[in-house]
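Asks: Pasting the relevant annotations from TrEMBL:
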TRANSMEM  14-38  transmembrane segment
TRANSMEM  78-95  transmembrane segment
TRANSMEM  107-127  transmembrane segment
TRANSMEM  147-165  transmembrane segment
TRANSMEM  171-199  transmembrane segment
COMPBIAS  220-230  compositional bias 'Basic and acidic residues'
REGION    220-267  region 'Disordered'
COMPBIAS  239-252  compositional bias 'Basic and acidic residues'
Amino acid sequence: MDIGQGLMSAWQSIAGFVPLLLGFLVILVLGWIIAWFVGKGVAKGLHGVGLDRALHRGGVGHYFERSRWTASELGGKIIYYVALLFVLTLAFNVFGPNPISTLLNDVIAWIPRGIVALVIVVVTAMIAKAVRDLIDGALGGLSYGRLLANIAAVAIVALGIIAALNQMGVAVAVTLPVLITVLATIGGILVVGVGGGLIRPMQSRWSRWLDVAERETSRLSEESSYRAGREAAMNRPGARAEEETAETREESSSLPGQRGTGGESTP
């Protein structure tokens, strides 16, 4: 009698589990197909609106040159996997409350933070590229112009990464100890170096750097004054007419010489 009841209970359990398993498989297959089509559609849509060209002009496109995917394809893959997470959540909810569904719900709740963090990194990289180009264009004639441009770009990207990690909820646990370690290392190097034996070398280097900066600053001011004076002279009324008259005189004075030369060469 006990064996019969046990077999009956096992059969009832199997009979109750099979429909749930079939529902799980149906939701999983149909959801996977829908997610695949949605991902492909998003990738084509992003490529159609010119996302790849915009990122390339903004200075972020070169990050995808060695990647397997373009920016549009990466966006489509992200949407595909996000949709697949929703499909898995719906499929596992068929079995009722379970640890896998809880984990998937936590991951889905974190996705908006990850998207915002990604947007922050992309926008920060574009801003850093623009700032670097501006500084390089303004101070490109200086020996340290490119160095200042690169330092400014790296600083902006670092701030963007910290903001992105803060958005993801890992800034306090990760970035703060790293930042403290870097600052402490720099401070220790300065204290030991300057206090131990770098006073005289640093004095000579600072003097050289200041001399170079002074020379280049004076050269830039002279060039700016020369350009301003030239533009003022060119914009003065009658300046262009005088220049054309001088050019005409030079041409007229060179013509007889050319003719004489031609006449001498003729036998």
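Just so it is clear, glycine is given a Cβ too, placed from its N, Cα and C backbone atoms.
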Asks: Any chance you could find the range in 14-38, 107-127, 147-165 with the most Cβ pairs under 8 Å to the transmembrane segment (78-95)?
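Replies: Answer, by Cβ pair count: 14-38.
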Asks: Quick test of the contact rule: Cβ under 8 Å, at least six residues beyond the ends. What residues does that give for the transmembrane segment (14-38)?
Replies: 79-80, 83-84, 86-88, 90-92, 94-95
